[in-house]
Structures are given as C-alpha cells and as structure tokens.
Amino acid sequence: GVPCLCDSDGPNVRGNTLSGILWLAGCPSGWHNCKAHGPTIGWCCKQ
C-alpha cells in the first residue's frame, strides 16, 4: 500500500515517519483510521 501520514506522526510529511497505509475502500479488519481529517480519497489506516 501507499504510506500516509497519521495524526500521531506529526503535522506534516517533512521529517516525519509515515506510519499509516492508504486504503481506498476503508480500513481492513483489525486496522483503524489514524487520520481525523482527510485524505481526500480513501482512508489512512494503521494496525
């Protein structure tokens, strides 16, 4: 999957670890949405 920035990673992409994975159809079982606002397409999820 494509890495994405969780809320817990920091305010922006630069210099932060992207600990989430972008899912287009929602988070799979056992994962949770880790970003409160956005991304515009899909969900940023982590285990």
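Glycine is treated like the rest: Cβ placed from N, Cα and C.
These numbers come from a predicted model, not from an experiment.
What Swiss-Prot records for this protein:
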- C4-C44: disulfide bond (DISULFID)
- C6-C34: disulfide bond (DISULFID)
- C27-C45: disulfide bond (DISULFID)
Just counting, how many other CB atoms are there within 10 A of the CB of C4 (disulfide bond)?
22
How many whole Å apart are the CA atoms of C34 (disulfide bond) and C27 (disulfide bond)?
10
For C6 (disulfide bond), name the DSSP secondary structure in the helix/strand/coil scheme.
coil
Which has the fewest other Cβ atoms within 10 Å: C6, C27, C44, the disulfide-bonded residues listed?
C27
For C45 (disulfide bond), the number of other Cβ atoms found within 10 Å of its own Cβ:
21
If one measures from the C-alpha of C45 (disulfide bond) to the C-alpha of C4 (disulfide bond), what distance in angstrom results, rounded to a whole number?
8
Cα distance (Å, whole number) from C27 (disulfide bond) to C4 (disulfide bond):
13
